[in-house]
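As given in TrEMBL:
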DOMAIN    81-161  domain 'Cadherin'
DOMAIN    162-270  domain 'Cadherin'
DOMAIN    271-385  domain 'Cadherin'
DOMAIN    386-490  domain 'Cadherin'
DOMAIN    490-607  domain 'Cadherin'
TRANSMEM  617-638  transmembrane segment
Amino acid sequence: PKMKEDNCLHAALICMGMLYYSHAITTEKVTHARPSLHGHHEKGKEGQVLHRSKRGWVWNQFFVIEEYTGPDPVLVGRLHSDIDSGDGNIKYILSGEGAGIIFVIDDKSGNIHATKTLDREERAQYTLTAQAVDRNTNRPLEPPSEFIVKVQDINDNPPEFLHENYHANVPERSNVGTSVIQVTASDADDPTYGNSAKLVYSILEGQPYFSVEAQTGIIRTALPNMDREAKEEYHVVIQAKDMGGHMGGLSGTTKVTITLTDVNDNPPKFPQSVYQMSVSEAAVPGEEVGRVKAKDPDIGENGLVAYSIIDGDGVDMFEITTDYETQEGVVKLKKLLDFETKKSYSLKVEAANVHIDPKFISNGPFKDTVTVKISVEDADEPPIFLKPSYIFEVQENAASGTVVGKVHAKDPDAANSAIRYSIDRHTDLERYFTINAEDGNIKTVKALDREEIAWHNISIFAVEVHKQHQEAKVPVAIKVIDVNDNAPKFAAAYEAFVCENARSNQQFITITADDKDDSANGPRFIFSLPPEIIHNPNFTLRDNRDNTASVFVRREGFSRQKQDLYLLPIVISDGGLPPMSSTNTLTIRVCGCDSNGSLLSCNAEAYILNAGLSTGALIAILACIVILLVIVVLFVTLKRQKKEPLIVFEEEDVRENIITYDDEGGGEEDTEAFDIATLQNPDGINGFIPRKDIKPEYQYMPRPGLRPAPNSVDVDDFINTRIQEADNDPTAPPYDSIQIYGYEGRGSVAGSLSSLESATTDSDLDYDYLQNWGPRFKKLADLYGSKDTFDDDS
C-alpha cells in the first residue's frame, strides 16, 4: 500500500510539472500495473516451469515545450517500476531516438531531462525505450517498454508565401469583384494547437484598384472600367499574418504584378481627313501608289485594321490592300492609266476593326473613313499596238511577196509621233518574212513548206521615229495552210514473204500508207494495182477502206528454184484536192515453210545444196578437212623443232647491213694521217670482242697470251690475232661471218683508187689501160684515159 501511494505521488508531480511548462491542461490516463501474485506458468521441454512477469511500469505520454531557453535542463518526466524498492539496486536505461544526446535519464530515480532546445518544426515527437535492469548484474528485471515524447508547439514561425513574386493578368474594363489570382501562404507551426498557424490576408499596396479576401487570399478588382490605354501595370503587396491577425502574430508579404490585358474598346481613327497622292501614267498594274494609316490604341488582334475602297471615281482603276505588319493601307494601281484621258481620281477609303467585341459594341462604330486624291502625271510612253497579239494565215508554196497580214501601233502621247516597224530577227533566223517599216504590212520572202514548219512565231518591234528608245513589241503567229503537195507512201519499208506451199487466196501481208500533208489532204488512202498488171497472175490486192490494204496469193505452186523474188507495184492515192498518188514497190520473197506455215528458209542456194548433198555427206567432208588441217599443223611443228637455230638472232643481222664510210683514206702508203691504234677496238684491248650478231649464253674470256700490245703498229700481227680469237671463240656461229676491219692492206698492184686531188695533180701516170678493163671502168677511162686528147684540143 505504501508503494502504491508513492507511485501516485510521483505521477501527480510529473503531471503538474508538464502542465506548468506547456501552459496547457492535458489529462493523460495513468496506467498502474502491479506484479501479478500468480504469474503465467509455462512448462518447458525438460519439465522446467517458466514464469513470465507482467510489466510493472508507471509511464505516460510525455510532452516538452519547444524552443525552451532556460538555464536548467527541462524535466520531461519520470519513470518508475513497481519492483523498485528504493534501495538503489535497480538501474534505469534509456534508448531510442535522441537517447543520450537530447534526452538523458537518471538511472536511479528514472527522471528524464531534455538537454537541448527542441524545434517542433524539425521533429514533432521522439520514440524512446526504457528498461529496468539489475545494477550489479545488468540482468533485465522487466521487458523494455516504449513511450513517446511529443514536442509542444509555440508560435515561432512567420507565414511564408509559396512565391516571392506573383504575376497575373486581368482584362481591362472588368467588373468589380473579378477574380485576378489567389495567393497562398503557409505556416510551419502546428495548426492543431492554438492559433499559431491561423492566417489572415490583407492588402498593403494596390488600393483602391484591388482587394483581397482575408481567409482565402483571392485578389479581386475593386474599381470598374480600368483602362489599359491609361495604365497597363499595377503592383500589389499582400500580407499574411498568423494568430488570426491579432496583435503579436507573425506576418509575411509577397508582391503581385497585375497586368491589364487589352480588349477592343477603341475604334480606329485617321489622323487626317485627306491624303494627296500622285502616279505616273507609265506605271504598271500592281505598282504601289501610296499608303494610308488609321491609328488604333488597342493591340494584338484587337488593333487589327482592314482597309477598303467604298466610293470614288477611281474604284475601277485602283485597289487597296492591308499590310498587317505596319497596319497600313497600301493603294495600288489596278489598270493602266492614260494622262490624256483622265488626269486625277478620288477615292473614299474606310478603315475598320477586324475583330469586334460585342461587350463594347456601344463604343462604336469601330471604323473610320478618309478621302484619297490621286493625280496622274504625264509620261513619255512607248508605242502601243492595237492588239496584244496577232494571228495570220498564209498558204504554203505561196509566191514570194505574198501579203501575210498587217500590224498597227500608235503613239499614246499628245505628240503622236510617227511609228516605224521591224522584225526581231532572233525570231526569224531564216528570214522567211519582211515588214514594211511604215505601214506594218508583213510579206513572205520565200515559199513556205508546212511539212517543214507549220507555225511561224515572230516578234514585231514598233519604235517612235524621233525617240528610238521608246519601243513596243508584239508577238505574231503565222499559220501555214496546207495544200496537197505530197503523195502518200508506204508507212514502212515493207518486205513480204510467201511460202512455196501457200494456198490460193491466202493473205500474207497488210500494208498502210503515210502522207506528210494535213489530215484534210491525206486519208482516206486508196490502194490499187497499176492498170498494166491489174490481172497479175501471182498476187492480188484488196483495199480494206480503212487506210490499209491486204495482199493475197492468187495461185499455188511457188518455187524458189524457178523464181525466189517478186516485185509488186502498188498505187496509193490520197483524198486531197486535187488528189496525189505514188507507185510503191512491194518486195516479195519466196520461202520454204513447214506444214504449219512457219518460215524455214528463204535462201535459194541453200535449197539447191540440200538437194544435191545429204547431211551425212556434208559432215563427212567437214571431218576430212579437219583431219588434213591437223596433219599439216603437226608436220610444220616437227619441222620447226628440227631446224631451230642454236643461237638467238637479234632483230638485225650484221651480214645484211651495209655500212657506208665517207672517208676513203689516203691510200696504202698514207700511214701518217691517222694512228693505227684506232683500229683496235677498246673492248679488244681488254681481250674481249662482243659479238653483235648473236646473244652469247656466257661471256668468253680470251687467253692472256693472245693480247697484242696496245700501241702495236704491226697490222699483220693485229689481224692474225683477231682471226685466231674469232676461230677460238665458242660463242661464234657455225658459219662464216663478215669481219670488218678499217685497214685496206699494202702492196696492191692496182694502187689506190682514191680520186682525191687526182684531177689537179701533174702525175705522169698513163691511164689508157682503163679502156681495156671493161664497162665497169668506162667512167674512169673517160675521165683519165682521154687526157691527151683534151690537151690536144686545147
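Each position is counted from 1, following the chain as shown.
For all residues, glycine too, the Cβ spot is worked out from N, Cα and C.
Please treat TrEMBL annotations as automatic predictions, because they have not gone through curation.
Beyond the transmembrane segment (617-638), no same-chain residue lying 6 or more positions past its ends has a Cβ under 8 Å from any Cβ of the stretch. Taking DSSP states H, G and I as helix and E and B as strand, the domain 'Cadherin' (386-490) has 3 helix, 47 strand, 55 coil. Within the domain 'Cadherin' (81-161), the DSSP-based counts of helix, strand and coil residues read 0 helix, 37 strand, 44 coil. The predicted model assigns the domain 'Cadherin' (81-161) a mean pLDDT of 84.
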